[in-house]
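The structure under discussion appears below in the form of structure tokens.
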């Protein structure tokens, strides 16, 4: 097994783990399957691109800008739409049943809105692409940064859930939303914080992606699919298993493509996705286990 | 009674208008009518599974795509009508084969699974075509537009008739019970797996044929286009905007969108998709009964 | 004559034993009660009989025919129908349509819509819901929805009904009415019942025989009087 491939798998895995982390948090606490999650990654990527091209702002600062923008978007739709809908049981049920179609609508609007505004041409920029060599691996600076930031965020979230009081409330809401409210958890505040955090993480992931590959308005959907594979593999709300599954997907993809050809990437991801859902038809309803 | 009257007058009127259209002599008009008939055929067939059982499919295009592919492979070797029948049959067989495992998956996971399946099928066919060195296949002996229009019109009528029949049959009542509560349906004797599978297969056949006819109209096959997810998305949007509760819904939805798609889809695809997405969200949140809900309310008041 | 025979049923979920070696038989036309605290395994036992849960061991036969391993819809068509403790109405369609589906697909499976409608109306009348036939099922009160559960089970044409806590959450007057309804049903239609009930008075008043379960283990079986005097039952219930 070449160490170079191993490194590539690690980078891909950390990215999937990060993207899935955001989706997992939002699904766990709001029970809304945000299929537009990957499009937030795309938005983050465009933030980095335009900040650099128009203002000359280094992408590392865009990490914060994208987090703020996507997090703010999360806050806006939570306060504007979901808070009221989720607090009425009848509406919440209708929303849950249709959430996927609803978010598909959001996804379509984001993709085509960006495409309309900036054309669908693939864009890219050069950043931190000097190559570092160690232990037989040639690693570009941007990939190292991707790996580093993703690992720090994933680990940080795990520690936060484990040791911070607010993290505990969050876990409580993931496991038993009704019971959490009874024992005094401010469910509204937890939901709002989670949607902001989940969206912000997607934005950050987008900036990281844009440092390493070309971006298009339609780049997001494969990330949503990959994140869903990760969550179904890892189990709803199981943040730790989700991160492990993210790395597993990175390895499967990297080594699968190395063994065949890059043109099989879509087949691999969608095939894996279909297989996972068929084998676990209960999907994310599988047992909710706390973050360990 | 008003409802009955509306359907008794409106239904045959639509059919007559449809039959008379080719004699108006305007190809442009007939092109639009062809598309309208196509959307009605597709949305109506979609509703047989998705509106009846609540298993909302976001991958209905997969049956069109398979139909197209089988049609392009068999047309020429077989006479065209036989090739069209093969296209429908192939889509039905595919539904039969994948139905059992796929229909075990419920709720939002079914929605996203159907999307994933369609994308998987698309990528596999694209890969097959690439490895065969085929990038697009042409059809040279396509019939004239009015012939194609009559075929598509027939499919729209057949699809609507199938939807009406299913809705008023024992099968339809069983499917609705599944939609309302699958465990309870099973507990009162509804063979849920069998009924879902029947609905899935019935819903697949017409889009298979539609896929073949559409090829004759565009006169070339390209996998990425035959499996275009925009088609699935348009179907769901038309059904939801038209209203999922009645047979009228898909017709109203198709009528509402055919002009929009005519004007925008080819020239301003992004704008088309944005409008579709926005309407979809608005209708789900604020008008869950769709356009046909407006009719019902008016009829109820009388 | 024995209509239902349960032999050595066990069921465990992971490490948890929900049912341990449960055996009993029910006579045709009897009302057979199940008692036990929350988590005693009563609902699990219903689900095993009705086919929703496959047992880890043991067998169930209905009219001398083994039904273990059959699907719920098959078991229903053989003549057993259950209700759900947490009601599951087909909320979006009318009350009448709820029972018509039952009549179309249940044990009396009819292909005639007119027949099914008749059977459905009869079932609604039997539980006192005929007046609400055109309402949406979701608009019924809890008591109404509990009655609808029974009507739907009745309309299947079942010979044996498994009623899971049909009185829980009802007011005392409604419980009285429900007891009257069930007694009348038994008399008029010669049905066999199994009841799970927390309302102890109702269970004692209605049942011919009672099985007491404690954490999935059968601790006593007998007439209501015998059960009330059984030292093991008293120990479990009153310490």
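Glycine is no exception: its Cβ is also placed from the backbone N, Cα and C atoms.
Sequence-remote contacts of a segment are chain residues at least 6 beyond its ends whose Cβ falls under 8 Å from one of its Cβ atoms, and for the transmembrane segment (B:20-42) they are 60, 64, 145-146, 148-150, 152-153, 155-156, 158-160, 206-207, 210, 213-214, 217, 231, 234-235, 238, 250-251, 253-255, 257-259, 261-262. Here TrEMBL flags B:20-42 (among others) as transmembrane segment.
According to TrEMBL, the transmembrane segment annotation covers B:54-72 (among others). Only residues 6 or more beyond the boundaries of the transmembrane segment (B:54-72), in the same chain, are considered here, and those with a CB under 8 A from a CB of the stretch are 42, 45-46, 83-84, 86-88, 90-91, 94-95, 103, 106, 110-119, 121-122, 125, 137, 139, 178-180, 196, 203-205, 207-212, 214-215, 221, 223, 226-229, 231-233, 235-236.
Taken from TrEMBL, the feature transmembrane segment applies to B:78-102 (among others). Same-chain residues lying 6+ beyond the ends of the transmembrane segment (B:78-102) with a Cβ under 8 Å from its Cβ atoms: 62-64, 66-68, 70-71, 110, 113-114, 117, 141, 143, 151, 193, 196-197, 200-201, 203-209, 211-213, 216.
Here TrEMBL flags B:109-128 (among others) as transmembrane segment. Beyond the transmembrane segment (B:109-128), the same-chain residues lying 6 or more positions past its ends with a Cβ under 8 Å from any Cβ of the stretch are 55-62, 65-66, 69, 98, 102-103, 223-224, 226-227, 229, 232.
TrEMBL lists B:148-166 (among others) with the feature transmembrane segment.
Residues of the same chain lying 6 or more positions beyond the ends of the transmembrane segment (B:197-220) and with a Cβ under 8 Å from any Cβ of it are 34, 38, 41-42, 44-46, 48-50, 52-53, 60-61, 63-72, 75, 80, 83-85, 87-92, 94-96, 99-100, 102-103, 136-140, 142-143, 145, 148, 151-152, 155, 158-159, 162, 166, 171, 175, 226. The annotation transmembrane segment is assigned in TrEMBL to B:197-220 (among others).
Same-chain residues lying 6+ beyond the ends of the transmembrane segment (B:226-244) with a Cβ under 8 Å from its Cβ atoms: 39, 42-43, 46-47, 50-51, 56-62, 64-65, 68-69, 114-115, 118-119, 121-122, 125, 211, 215, 250-254, 256-257, 261, 265, 269, 273, 276, 279-280, 283-284, 289-293. Among the features that TrEMBL reports, transmembrane segment is placed at B:226-244 (among others).
Counting only same-chain residues 6+ beyond the ends of the transmembrane segment (B:274-295), those with a CB under 8 A from a CB of the stretch are 3, 6, 233-234, 236-237, 240-246, 248-249, 252-253, 256-257, 260, 264. The feature transmembrane segment is assigned by TrEMBL to B:274-295 (among others).
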